[in-house]
Amino acid sequence: MILQTAVLSLLFCSIQSFRLQDSFEMTVESSGNTIEDDDFSISTLLEKANANVGKNLDDPLVMFGDIAMPTGLQNADPCTARGCLWQKAGDGNVYVPYRISNEFSQRERSTIIQGLRSFAQSTCIRFTPLNRQRDFVDIQSRSGCFSFIGRRGGGQVVSLSRQGCVFQQIVQHELLHALGFNHEQTRSDRDEHVRILLQNVIPGMEHNFRRIDTINLGTPYDYNSVMHYGRFAFSRNREPTIIPIPDPNVAIGRATEMSPTDILRVNRLYRCNSTASTSGMKPQQLDVL
Ligand SMILES: [Zn+2]
């Protein structure tokens, strides 16, 4: 029985990675808006990878697709005003200690480290290997991709399942949660930019589309944010659940890496304006507004 399960999950795994590969290749030529084109969107990747989330008793409760909730079911309002930011060091950088579980392959590990390092290229966030600090991100392969919002205190799990989560954009997406960011389509001003079609949402999944009283840091709503879900996220009927307005045809949720606005937000939230932090930033990333 165990062997059977192992074989089955291996089979599932290989089919899934084949499909993902396939989808990524499609991104190059395709800019259509059909559900097939959306196969590689962040939300599709998260949905696929998170199909079994919550089935393990030691997994945290996961809401909004991939946000782990602390016990007590507090909502996922930005906690940044309540002290869940990571601390800024005297040199202007924000050092976020991390630990990566041994269960990842060398290749997976290097994808994850590349994702961690990408923050240092354009922000003052410096993910650094854990060295006895109290608070840190504990990167593990649990069932699915998920993260808490902001610093929780102590070691906090960021799950990047080996089955579908170890991709640059998902690594960045989950780390942005850990830094304090919510999904773009839950932003306080989202109704001016997208229409949510709850009638097409899988029953019981409506909470993923709840609006949150976010702090938007003076940054514009961004369809290209790595935190934006695709148009068919949690669809029950292959019809869109998120439609951009006023132009329903613009692409949404197709980021393959952090957008300039994502980067700008990190820089604003963590006040990365000291000399130590902006040296690596390209001029166009400062000119988004
Ligand atoms: Zn997410």
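For all residues, glycine too, the Cβ spot is worked out from N, Cα and C.
Because the structure is a prediction, the values reported are computed rather than measured.
When H183, H193 are compared with the Zn(2+) site residues H173, H177 in TrEMBL, the one appearing in that site is H183. The 10 Å shell around the Cβ of H177 (Zn(2+) binding site) contains 23 further Cβ atoms across the protein chains shown. Proximity of E174 (active site) to non-local residues of its own chain (separation of 6 or more, Cβ distance below 8 Å) is seen for D66, C145, F146, S147, V158, S159, L160, C165, given in sequence order. In sequence order, I42, G65, D66, I67, S147, E174, L176, F181, N182, V226, M227 are the same-chain residues whose CB sits within 8 A of the CB centroid of H173, H177, H183, the residues recorded for Zn(2+) being left out.
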